[in-house]
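Please read the structure below before turning to the comments.
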Amino acid sequence: MPKPPEAEIKGAGKATGGTKPKSGIRYANGGFTHAVPAKIRLPIRCYNPSETDDTKKEHLMNTPQSAIIPDHAQAGIFIEADFAANRLNDIKAACRASLDALTALKARFPDDILGLTIAFGSKAWATFGHTDEGSEIKPFSEMGNGLAPSTQHDMSIHIQSFRQNAAYALAQSVLGAFGDSICVASEEHGLRLYQDRGLDGFVDGTENPQGDENVREVAIIPEGKPDAGGSYVLLQKYLHDLKKWDAVPVAEQEASVGRGKETDDEFGRDVRLPDSHLGRVNLKENGVGLKIVRRSLPFGKISGEHGLMFTAYCRTLHNIEAQLLSMFGDTDGKTDLLLRHLSAAVSGGYYYAPSVERLQNL
């Protein structure tokens, strides 16, 4: 994509309207627009004859799936499905065919950062027999006395792109590859709103790590592990009651979130409510932040149900679960104020996304 005159790439900055987008192009006149980020920088390794076969295998097994690292996608598709009986070989072949379809469509849509992540629930992952990989994966359990229901399925498919038609085309190819080897349980299509805001009017994803390397550090299992390049995934569907939310005064909305609605400025810990959204999810253990990478998008119909498809990636399932337990009151009895004023979780599942190389060789 050619750069406009006097433009330079920045990692963060103030947007027109007072928000703080995470990446894009800053123009000389002070305006801001999102730009397609640089392509993922994957490690390039030269052959070393002194390496053992095991070492070389480790180096080859670390490419993350492609819907994890790129940020600011404008369109997303979120699918959950279950395996049909006695179709494991067909499912393995469909995973390979899906990666081939991704490669072909990326050539057709070269500037749209088309990405695909196929991930598996604990029961489904166990059927592949890679017992030393994805060792933390487990079924999602109900939290908050039912406030966070479990609707665990065998697999999730997350597609994202800077163009809706590219994402749609890939979803068609992927589901065509799987055919009747899986049974689709849910499918939602998400879209990016103005200034990265959610339906609630607040900027979403401000806490995300910025830059490919920082995202990789949080989201991707590191080299040296048998499942290097993999990631743990949470997928939840939240329905929003916007009439109820719009009746809440802006000051109370801001207190519930822990940020300014227009400015996106974070409230200090000295004034932040302990049951605000930030108070529930901005967690530390032994002085270290429990970070996750969010790839969520608003979804739905203006005249029907709408809300947020919340998807998160992390190198460890622990960070994801710690935030959920805090949100839904299972740590200290305090629940996230957004659950009172705006949101209701209606689904929940944990999945493990293996590296690209493992997905090709299940």
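Every residue gets a Cβ built from N, Cα and C, even glycine.
Any TrEMBL annotation is an automated prediction that lacks curation.
Copied from TrEMBL, the annotated features are:
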COMPBIAS  1-11  compositional bias 'Basic and acidic residues'
DOMAIN    65-192  domain 'Dyp-type peroxidase N-terminal'
DOMAIN    196-357  domain 'Dyp-type peroxidase C-terminal'
REGION    1-20  region 'Disordered'
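When the domain 'Dyp-type peroxidase N-terminal' (65-192) is classified with DSSP, helix, strand and coil residues number 47 helix, 34 strand, 47 coil.
If you take every residue in the domain 'Dyp-type peroxidase N-terminal' (65-192) and average the pLDDT, you get 98.
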